[in-house]
Amino acid sequence: MRSRVPLQILLYAAVIRSLKVVSKRGSVDGCTDWSVDYLRYRVLLGEPVRIKCALFYGYIRANYTHAQSAGLSLMWYRSATHTDHEEPITLDGTRTLKEEDALWFRPAQLQDSGHYSCVLRNSSYCMKVSMALTVAENSSGLCYNSKMRRLEKAELSKSKDILCPDIQDYTPAGSEPHVTWYKECRPKQWRSSIIRTADLLSIRDVREDDIGNYTCEIQFGRFLVRRTTELTVTAPLTDKPPKILQPPEHKLSVMELQLGGPVNLTCRAFFGYSGDVSPLIYWMKGEKFIEDLDETRIRESEIKMVREHLGEQEVSVSLTIDSLQEEDLGNYSCYVENGHGRRHAIIQLSRRELMYTVELAGGLGAILLMLIFLVSLYKCYRIELMLFYRNHFGSEDVDGENKDYDAYVSYTKVDPDQWSQETREEEHFALEILPDMLEKHYGYKLFIPDRDLIPTGTYIEDVARCVDQSKRLIIVMTPNYVVRRGWSIFELETRLRNMLVSGEIKVILIECSDLRGIMNYQEVEALKHTIKLLTVIRWPGPGSSKPNSRFWKQLQYEMPFRRPEPKLSHEQVLDASEQGPFGELQTVSALSMVSATSTAMATAHPDLRSGFHNTYNTQLRQKHYYRGYEYDIPSSGTLPPLATMGSQHTYCNIPMSLLNGQRPPGQPAHGQQQSLEEQQVNNALLPLLPRETSISSVIW
């Protein structure tokens, strides 16, 4: 019994002497605290885990058996963090249990995460250390937690071994573990160059498609234990210095720049794979680093990653000069280096003398191109541009203010028995389309002989008078017009011929079809050379009936400019009670109506003539919105005897009873009304005088 006590004392002393100091955190209540051990336990939810007391694996030179023989006790405590209050662990013997110097969780749960301290002590000695445990769930849709993977790197075309780590606690001693390997959580048909032995996966020739996550799985009782390794593949380690891509490495680059302008220099380089070493690239001016220069105008940018593949990198760095000065001129060098060497490229900045040759040529070229563009635009859209200018900034024709009509329309009617499809279209154009468009759409006032001419003298004199009162002469040139020589009337009358030759009136010649094969066409060409102010416009056909067609724009351009007149109010138009005996002749022009009325009233009764003349002439002068006329009817005298009207032409369908100043039989007395139907029954047609039948009026 006496020999046993000294033996225990010697064993206890040996244990105490075998303690080694690693990194003491401190001593609290006489217990040496080694803080948290570097080995951290990380396990997935539902997997078993064994936490071993680190005191026996690096802090003391004794194992659990020796410590227990020396009378030291091992106790376990848990805390949420290392600084929190520690509490004793309740061991249930089933899920949580103690096994010699280790603590088992079968399986681990999320609430088991924390710090576990093992304390080795007796009445006179105390030492402890903490181990961290993390329990986590699998990432969504995966068989591992992405934060618990081991990282491994492999070089392209070389071999690599992937170990299934930390599985010795789950393998019986003396036996090899049975490991199943997965890639990206799925079974894989491994190629022949990949060999599996026990807990090792060996890749003999690493390829780029070997990049991925490798999971090893072993069976431990009723539990599964998984370990995942992320493999990244890199290019082989380089043994060469970086390569400068821009500017050229073996050539001096000269840049001629103007002073005062900004400058930006860029250096690009290629770095082979050098492990975890960052690329080194920078600018220097002469022998000085850019950051050592006193100028704030000159600065260097951060290194920019252009691209990266398998660890090989292409990077760039920029040098910026806000405003180039004389002292900034010189050599700027871009340097690149790694563990195998350094290279550089030089850019020389020099001042550029001002040369205006290129600038002058460019300016003249731009002006020439602009001039060509404007000329082409004017050629293509001359009429549209002139109409736009005239409508917005033009003024009305002052020289034509004393003329009553904007245009006189000359046209040859076609006999109905000679009509064809072409002549019908020409007749429709001349009688309907042309007047309607010019009068109703554009607001022009036309003189159309068949509609507006009432004879006051010979036919030629009437035509000359009406043409003289018009600003333009529109000749609708049709084959029938050429055959009948419709222009002869303008050659027979001296006044008309002088107007055409002297340019007193502008002529608009509208060709409705091809006239070159028509008889008398040579005379048409001679007529064109005779007219001083002539514009020839071709009518394309019914397809150009829209107002925005080229034909109507050109015709509007040749017509005199006039601004749209405001619509007449009710007071400006004669009502039925104020229109007098000519109320039903609203389509007859004022000038023609006055002439016809004066001729008719000359043969009427003197009293009737006097009363009607005074009343109607006053009303016409005051209320008609075109113009007023003063016309004195002779107190005596008669018109020449009227001849019987032939079947050639009717100037205007005017009741003879009104033109002669007579009342039809049975008409009420003065001041009384007669129905329109009764008046029309007794209407007669105005016959032509003998002198007016000398020239056919088929041609207007």
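Don't overthink the numbers, they just go from 1 along the chain as shown.
Every residue, even glycine, has its Cβ placed from backbone N, Cα and C.
For CYS53 (disulfide bond), the same-chain residues that are 6 or more apart in sequence and have a Cβ closer than 8 Å to its Cβ are TYR64, LEU74, ASP101, ALA102, LEU103, CYS118, LEU120, VAL129, MET131. The disulfide bond annotation in Swiss-Prot covers CYS53-CYS118 (among others), and the record cites sequence analysis as its basis.
Per Swiss-Prot, the feature disulfide bond maps to CYS164-CYS216 (among others). Cβ-based neighbour count (10 Å, all protein chains) for CYS164 (disulfide bond) stands at 24.
Residues or ranges marked as disulfide bond by Swiss-Prot on the basis of sequence analysis: CYS267-CYS334 (among others). All protein chains considered, the CB of CYS334 (disulfide bond) has 25 other CB atoms within 10 Å. Following the DSSP three-state reduction, the secondary structure of CYS334 (disulfide bond) is strand.
The domain 'Ig-like C2-type 1' annotation in Swiss-Prot covers 32-134. Here the domain 'Ig-like C2-type 1' (32-134) has a mean pLDDT of 90 out of 100.
Feature annotation from Swiss-Prot assigns domain 'Ig-like C2-type 2' to 143-232.
Residues annotated as domain 'Ig-like C2-type 3' in Swiss-Prot: 242-350.
Residues or ranges marked as domain 'TIR' by Swiss-Prot on the basis of sequence analysis: 403-559.
The region 'Required for synaptic vesicle accumulation during synaptogenesis' annotation in Swiss-Prot covers 564-700.
Summarising the annotation, Swiss-Prot assigns signal peptide to 1-18.
Taken from Swiss-Prot, the feature topological domain 'Extracellular' applies to 19-357, supported by sequence analysis.
If you look up Swiss-Prot, you'll see 379-700 marked as topological domain 'Cytoplasmic'.
Among the features that Swiss-Prot reports, transmembrane segment is placed at 358-378.
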Remark   = Between the C-alpha atoms of CYS216 (disulfide bond) and CYS267 (disulfide bond), the distance in angstrom, to the nearest integer, is 46
Ask   = Over all shown protein chains, what is the count of other CB atoms within 10 A of the CB belonging to CYS267 (disulfide bond)?
value = 25
Request  = Starting from the Cβ of CYS216 (disulfide bond), draw a 10 Å sphere and report how many other Cβ atoms land inside it.
outcome  = 23
Remark   = For the domain 'Ig-like C2-type 3' (242-350), the DSSP helix/strand/coil residue counts are 6 helix, 64 strand, 39 coil
Ask   = How many whole Å apart are the CA atoms of CYS267 (disulfide bond) and CYS164 (disulfide bond)?
value = 45
Cα separation, CYS334 (disulfide bond) to CYS164 (disulfide bond) (Å, whole number) = 47
Remark   = Per DSSP (three-state), CYS53 (disulfide bond) is coil
